[in-house]
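Chemist: Once you've had a glance at the structure underneath, I'll fire off some questions.
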Amino acid sequence: MPSVNSTIQLITREEAQAAGSGAPASTCTPGLAEGPWSFDTASASGAWAPSYGPGASLADPAPAATPRQGEIPAEYRLASDAELDARILAAKDKLGDKLVILGHFYQRDEVVKYADFVGDSFQLARAAKEKPAAEVIVFCGVHFMAETADMLSGPDQAVILPNLAAGCSMADMADIDSVQACWDQLAGVLGTGPDADGKVPVIPVTYMNSSAALKGFCGENGGIVCTSSNAETVLEWAFERAHRVLFFPDQHLGRNTAKAMGVPLEQMPMWNPRQVLGGNDEAALLDSRVILWHGFCSVHKRFTVDQIDKARADHPGVRVIVHPECPMPVVDAADEAGSTDYIRKAVAAATEPTAFAIGTEINMVNRLAAEYPQHTIFCLDPVICPCSTMYRIHPGYLAWVLEAYAGTGELPGGEVLNRITVPDSVAVPARVALERMLAAKP
Ligand code: SF4
């Protein structure tokens, strides 16, 4: 199977609009396969506004506070693939058990091949714990994942994000100031105290794909974290304690989960942080069960019902499985919806040769196809456009951070570059919200 790197396709806003998809146009470019430093340095120098770079997220505005990556030494930018490979392996060998490399399911093959663990964000954050001898945890994922790993790892372990510009456009759609402003407005409409049954008016629930600050906000305000695997369990936990939920940042996971639990769509108003009361009137908020933040994943919003119809026409009997970050009509039209872990297990459990049309990130789909050649496994979206923020981790950055810690001929080593740390003022309440999630797990 050709690598994603060689098959990324160009989508322009104009083409997407001309195709009449009705969806917001997004952009992607084969330039994504090049070294991402040109985007990082241009952005860091202020030549253009913060951006997520080329890829599915390009059309989404990045907040001004988005971390930027400075220029890395030329030797890493100019090195051949073979040279980077040799240097990464040598540094890994030298560091041995002092190092653990974590690779997200959506990470590119050229990086994930060095990972000691491959998994979803929460699996990886917990995997770091299983390597207490590791002094450094190099997280080949995105910023919020590295934050979670820092909060769950030991105090003497340093978490490194090889490229600071590897953020997540969805996580960035809910910032702590906007959520606090929403919370204050909701208190004005819904009140704050519990009723005679002890239920509070609203509980905040944040998806794992959010900043540590939002996890801390939930910990401080009686709230909880959820993953795409346990969102229903977490909502049940919240409904036992509150009349309604404020769910952020992913509207689709919130809507799909609550709908499956029987919550009517009319009781799921959207909160637009740019409008007073999120664009709602008081009556709608008082009648609500789940208030959905106006956030989404740039990768998963690309999937459509038309793609499912085509997959069914081309492959009669195909099993369509999509991620719950996809829009509701897509989840409704699919045979199944589930987390990356669910999708992996569904494919692994199929005993007969099966056609699977999968609605999630292309690197993961291609890896499944290579791992299970007895099945026909393909991505619902025919356009190859990976998660662009995950793609900001390039082997050049990995070699840079590893050699700084391991040392080379000239460098003594011991230098921790791009360390991600969460201050105790945030980490302590965030851990409370994470522990509530673990306790709620059936
Ligand atoms: S796939 Fe979507 S939610 Fe995941 S890191 Fe990329 S932009 Fe964020």
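Note: Cβ is positioned from N, Cα and C throughout, glycine not excepted.
Keep in mind that TrEMBL annotations are predicted by a computer and have not been checked by a curator.
Below, the features straight out of TrEMBL:
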type	residues	note
BINDING	His104, Ser121, Tyr207, Met208, Asn209, Ser228, His323, Pro324, Glu325, Thr340	iminosuccinate binding site
BINDING	Cys168, Cys297, Cys387	[4Fe-4S] cluster binding site
Chemist: Could you tell me the C-alpha distance between Tyr207 (iminosuccinate binding site) and Cys297 ([4Fe-4S] cluster binding site) in angstrom, no decimals?
Modeler: 12
Chemist: Would you mind sorting out which of His104, His323, Glu325 (the binding-site residues) have a C-alpha within 10 A of the one on Cys297 ([4Fe-4S] cluster binding site)?
Modeler: Glu325
Chemist: Give me the CA-CA distance between His323 (iminosuccinate binding site) and Cys387 ([4Fe-4S] cluster binding site), in Å, as a whole number.
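Modeler: A Cα-Cα distance of 14 Å.
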Chemist: Tell me which residues of the chain lie with their Cβ under 8 angstroms from that of Glu325 (iminosuccinate binding site), as long as they are six or more apart in sequence?
Modeler: Met170, Ser228, Asp250, His252, Leu253, Phe296, Cys297, Val299, His300
Chemist: What is the interatomic distance between the Cα atoms of Cys387 ([4Fe-4S] cluster binding site) and His104 (iminosuccinate binding site), given in whole Å?
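Modeler: Pair distance, Cα basis, whole Å: 11 Å.
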Chemist: Between Asn209 (iminosuccinate binding site) and Cys168 ([4Fe-4S] cluster binding site), how many Å separate their Cα atoms?
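Modeler: Cα-Cα, rounded: 8 Å.
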Chemist: Report the same-chain neighbours of His104 (iminosuccinate binding site): residues 6+ apart in sequence with Cβ closer than 8 Å to its Cβ, ordered by sequence.
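Modeler: The list for His104 (iminosuccinate binding site) reads Val112, Val118, Gly119, Asp120, Ser121, Leu124, Cys140, Gly141, Val142, Met145, Met390, given in order along the sequence.
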Chemist: I'd like to know which of the binding-site residues listed (Tyr207, Asn209, Cys387) lie near ligand 1, counting only a CB under 6 Å away.
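Modeler: Listed by sequence, the hits are Asn209, Cys387.
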Chemist: Counting other CB atoms within 10 A of each CB, which of the binding-site residues Cys168, Cys297, Cys387 comes out lowest?
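Modeler: Result for the binding-site residues Cys168, Cys297, Cys387: minimum number of other Cβ atoms within 10 Å at Cys168.
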